[in-house]
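Trainee: Right, I'll just put the structure down here and ask away after.
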Amino acid sequence: MRKSKPVLLAAGLIWILIGYTFAQHHQQDVAKAALEHNLLEYAELLLFLLVAMTYINAMEERKLFDALQAWMVGKGFGFKKLFWLTGFLAFVISPIADNLTTALLMCAVVMKVSGDNPRFVNLACINIVIAANAGGAFSPFGDITTLMVWQAGHVRFSEFMPLFVPSLINYVVPAFLMALFVPNTKPNTIHEHVELKRGARRIVLLFVLTIATAVSFHAVLHFPPVVGMMMGLAYLQFFGYFLRKTLKHSLAKKAAMAIANGDDHALKRLGSVVPFDVFHRVSRAEWDTLLFFYGVVMCVGGLSLLGYLELVSNVMYTQWNPVWANVMVGVLSAIVDNIPVMFAVLTMDPSMSTGNWLLVTLTAGVGGSLLSIGSAAGVALMGAARGQYTFFGHLKWTPVIALGYAPVLPLICG
């Protein structure tokens, strides 16, 4: 069952209860104002993620990820090098792309090179999940939880950078220990040539420009970052228009070169070129995920209005030390999806220092690495490497993953 279905139903039931209860006390205006507030929060998140997903889909359609995958597969790396390379790239790419896309890309490389070695696949997938979650924790563009903290205004964009070292430690410590169990042999090399489609590199530059625009709107104009992201979507739309208008000239030029070189394969490939369509990229966004976020926002917002989150907040952030409360948020993120957990914390809005907001951002972001079901990356990889990367295969390494947290607390709290 898709994850959006139960939360959409739950959101509807909660707000029916709210509507009935507040009507009994003649406070329909209070319920309506709360509903509109939650809808606005969701709209900002929806449009922001829609633009980011559209850019990722555009890069995928232009064969950027396929080219990276072919390069890695064709290099003939040994298992140990492949283990470190896929993990390192997951850590580096996830702050720009989202951690789910990054994890799936690296998993595809692992499966193509060593799909017949289940022990290595399991270790490599665990490593990728840890790296992708850790890499996404120090960038608002790498993880939904980090994005929500930034959009809420608790931490400025530049203030996330102190999370880089703790995130790196959180990845490197378990990776170093797991690498000891990776075989020293080499898998069979597969050579595959992938040609980038026209405009691939320029779309990457436009995505970087879009990120800069979103940050500028937030830092300089004090507008929500989503306004800058929507402007960035216009960059892609105009570039898509340019690609379509110049397609005929580009094909004629490439066809002439193919004829001159006697390359029949290139001519055949040119005949199947499909014009770039931005709106098709929009339609291929992860709509189940986007609808899931709606359910989460509305469920948590409803429970907050009914007073349940205030009770939890009084226990966690009044009776407990905020540091340990935030550590528990990370542990809870391993069992429950980290998005509703973080949104609940943001809705509670406890009075905390910037250091504690950074701590809860890190723990919620990387806490999901403790279990395979704790993050979208882990769940997706269990499907991509079905039967080889499993819940219990990941669970065996949970104590090792937890060691990555030990050096992190003093760094953040200090």
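Just so it is clear, glycine is given a Cβ too, placed from its N, Cα and C backbone atoms.
From Swiss-Prot, for reference:
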TRANSMEM  6-26  transmembrane segment
TRANSMEM  39-59  transmembrane segment
TRANSMEM  77-97  transmembrane segment
TRANSMEM  120-140  transmembrane segment
TRANSMEM  162-182  transmembrane segment
TRANSMEM  203-223  transmembrane segment
TRANSMEM  224-244  transmembrane segment
TRANSMEM  289-309  transmembrane segment
TRANSMEM  327-347  transmembrane segment
TRANSMEM  364-384  transmembrane segment
TRANSMEM  392-412  transmembrane segment
Trainee: Please work out whether the transmembrane segment (162-182) lies in contact with the transmembrane segment (203-223), by counting C-beta pairs under 8 angstroms that are 6 or more apart in sequence and asking whether there are at least 3.
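Mentor: Between the transmembrane segment (203-223) and the transmembrane segment (162-182), which are separate recorded stretches, there is no contact, as judged by 3 or more close Cβ pairs.
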Trainee: Counting only CB pairs under 8 A, let me know which of 39-59, 120-140, 289-309, 364-384 has the most with the transmembrane segment (224-244).
Mentor: 39-59
Trainee: How about the transmembrane segment (6-26) with the transmembrane segment (364-384) - do they touch, taking at least 3 C-beta pairs under 8 Å (6 or more apart in sequence) as contact?
Mentor: no
Trainee: Which residues of the chain, 6 or more past the ends of the transmembrane segment (364-384), have a CB below 8 A from one of its CBs?
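Mentor: Beyond its ends, the transmembrane segment (364-384) has Cβ neighbours at 99-100, 102-104, 107-108, 111, 125-126, 128-130, 132-134, 136-137, 143, 145-146, 167, 170, 289, 329-335, 337-338, 341-342, 345, 390-391, 393-395, 398, 401-402, 404-405.
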